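Note sheet for the following structure.
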Amino acid sequence: MFPPSGSTGLIPPSHFQARPLSTLPRMAPTWLSDIPLVQPPGHQDVSERRLDTQRPQVTMWERDVSSDRQEPGRRGRSWGLEGSQALSQQAEVIARQLQELRRLEEEVRLLRETSLQQKMRLEAQAMELEALARAEKAGRAEAEGLRAALAGAEVVRKNLEEGSQRELEEVQRLHQEQLSSLTQAHEEALSSLTSKAEGLEKSLSSLETRRAGEAKELAEAQREAELLRKQLSKTQEDLEAQVTLVENLRKYVGEQVPSEVHSQTWELERQKLLETMQHLQEDRDSLQATVELLQVRVQSLTHILALQEEELTRKVQPSDSLEPEFTRKCQSLLNRWREKVFALMVQLKAQELEHSDSVKQLKGQVASLQEKVTSQSQEQAILQRSLQDKAAEVEVERMGAKGLQLELSRAQEARRRWQQQTASAEEQLRLVVNAVSSSQIWLETTMAKVEEAAAQLPSLNNRLSYAVRKVHTIRGLIARKLALAQLRQESCPLPPPVADVSLELQQLREERNRLDAELQLSARLIQQEVGRAREQGEAERQQLSKVAQQLEQELQQTQESLASLGLQLEVARQGQQESTEEAASLRQELTQQQELYGQALQEKVAEVETRLREQLSDTERRLNEARREHAKAVVSLRQIQRRAAQEKERSQELRRLQEEARKEEGQRLARRLQELERDKNLMLATLQQEGLLSRYKQQRLLTVLPSLLDKKKSVVSSPRPPECSASAPIAAAVPTRESIKGSLSVLLDDLQGLSEAISKEEAVCQGDNLDRCSSSNPQMSS
């Protein structure tokens with residue numbers, strides 16, 4: 001705690017033994033008597049360090065005393081010279097000693113406190129030792145009880161071992177039966193596979209024989225094709241002879257062609273005429289439609305002129321009188337509607353306030369109930385914690401049983417390994433069965449392919465027979481043509497022209513070449529198909545041989561695997577026996593410990609159940625009170641809901657009446673708008689017509705002015721009156737026209753303003769309706 005004031009190094013204990021503390025003189029310091037005789041081991045090092053620091057000071061004091069005793073004369077002589085130095089040194093030493101004394105007193109106080117603490121600790125340890133002795137006695141008693149329980153458990157273990165041995169014997173018997181059945185099934189599958197392989201070999205041999213026969217048939221077909229080619233060369237010569245006959249027939253047919261050409265041209269002309277008639281009819285219909293439209297326009301123009309004349313006859317009213325009365329009515333109606341809406345909003349606001357007050361009251365009741373529930377939940381949590389503490393104690397007791405459970409788990413793992421080995425053996429057997437089945441499927445597919453190839457052979461035979469029939473028919477036709485040619489030659493011996501004969505020869509040569517190409521193609525196709533069939537047969541034969549080899553290898557592998565599986569089964573049986581013995585012993589010990597723990601748990605659970613029943617009775621009583629309060633709150637809520645429903649029905653009725661009134665007013669306004677639009681259209685038509693009339697009047701004036709000028713030249717005596725008379729109507733016409741235009745423009749402006757005001761009012765009405773719907777929706781939801 002405090003750094004040493006003397007030397008920095010440690011002094012061995014032999015130094016203190018060589019210089020005991022009893023040899024100190026009479027004026028030794030007082031701190032040596034305060035050191036306790038028995039010090040704690042933690043503070044021995046500190047005390048030794050303090051003694052080491054104090055040892056040099058003691059030696060210095062001894063030297064001073066000895067020098068004072070032995071040499072009094074010398075000190076008296078040198079007193080005058082060294083008096084001042086010795087006094088100063090002694091004062092410094094005394095000051096240092098005082099500081100050391102104070103420090104040592106503090107350390108002594110601390111050591112006393114530590115000694116008291118150690119005494120308290122020793123007393124506590126003594127108490128703990130007594131408690132441990134008592135616990136050992138109780139543990140010995142418990143051990144004796146456990147030994148007795150183990151003795152009973154051994155009896156149970158023996159019984160369990162006997163039962164487990166019986167079960168193992170039954171399991172082994174069943175396993176042997178399963179193995180025998182599997183081996184029999186495997187042998188049967190192998191026998192079936194061998195029989196199938198033999199059948200496939202036989203089918204391959206039969207296919208080879210068939211292919212040899214087909215090759216012979218193909219050679220014969222090739223020979224027949226060569227013969228047919230020779231016959232075709234002969235038939236070409238016959239066809240050249242028949243060319244003359246064909247030319248004669250063409251000439252005969254050419255004489256009758258013009259009548260057909262005339263009929264075709266007549267039909268084309270008739271179709272063209274019909275198309276032109278249709279186009280003309282369509283044009284007529286379109287012209288009729290345009291005429292009708294023009295007539296309608298003329299009628300509308302006449303009607304507009306009549307209306308314009310009537311309007312001109314009338315006097316133009318001022319613009320102030322054109323304001324409609326329905327705007328005032330609309331404003332008054334809107335004001336009344338707004339007042340009603342305001343009244344309804346006030347009612348809704350009052351209902352909302354009442355509802356909010358009731359909701360607040362209910363929330364307060366719910367909060368109080370929640371507080372009660374939380375208090376009950378806290379009590380339940382306390383009880384649960386007590387239960388958890390007791391459960392923890394039980395778990396501490398169960399920790400001893402976990403060792404036994406681990407041993408049981410090891411035994412179970414050994415048993416699982418044995419089961420896994422058996423499962424792996426079964427899986428290997430399944431794989432063998434699957435391989436056999438897959439080989440069977442592959443053989444079936446190959447057989448199907450072979451059957452398909454055999455099925456294609458009749459089609460090839462049919463094609464060959466068809467070619468032979470075609471050749472026979474060609475022969476018959478050629479013979480017929482030859483006979484006809486001979487007859488014609490006899491009837492008309494004149495030779496045909498050279499050009500026709502050459503053409504017929506070319507055609508016959510082309511037909512000959514085409515027939516040769518067809519025969520060559522058919523022969524090539526037949527050869528290709530025969531080659532393909534041979535290749536397929538050889539490939540299938542090779543594949544079947546490979547499959548047979550693979551099956552033999554698989555059989556050998558399965559036999560080896562069965563032998564290894566037998567060895568594994570024997571090892572697994574031995575391990576199973578050992579594991580069953582260990583499991584039986586562990587089960588007995590577990591049952592004993594479980595019985596003991598079960599009794600202790602039942603006692604503790606009974607105590608906890610009594611406490612919980614008391615607490616549950618209290619909670620049930622409180623819950624019944626809360627349910628009563630909740631029922632009261634529900635009744636009040638239902639009353640409030642009924643009132644809200646009544647208010648809602650009233651508001652719906654008012655809304656329906658308002659909607660009906662609004663619809664009627666809208667219909668009336670729509671009628672009024674239609675009338676105004678009709679008047680507006682009439683006025684626009686009149687304006688357009690007015691423009692037309694002004695143009696007509698200008699043209700009329702331009703036509704009339706030259707005649708007036710001619711009259712003015714002829715009549716010189718009275719030139720002014722005609723001008724006045726001519727200018728007067730023009731001046732009269734101009735102001736009237738301008739006044740009419742001004743009045744019409746004012747009328748149009750008024751109509752536009754009125755339509756804008758109506759549209760604005762409708763928009764405002766729609767917005768109010770939307771606001772009212774939005775305000776009513778929250779009330780409905782509340």
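From the backbone N, Cα and C atoms, a Cβ is placed for every residue, glycine too.
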Range among 177-218, 639-680 that Swiss-Prot annotates as region 'Disordered':
177-218
Counting only residues 6 or more past its boundaries, what in the same chain has a CB within less than 8 Å of a CB in the region 'Disordered' (177-218)?
426, 429, 432-433, 436, 439-440, 443, 446-447, 450, 454, 457, 461, 526-527, 530, 533-534, 537, 540-541, 544, 547-548, 551, 555, 558, 562, 569
Across the compositional bias 'Basic and acidic residues' (208-218), DSSP labelling yields 11 helix, 0 strand, 0 coil
Integer average pLDDT (0 to 100) for the coiled coil (82-314)
72
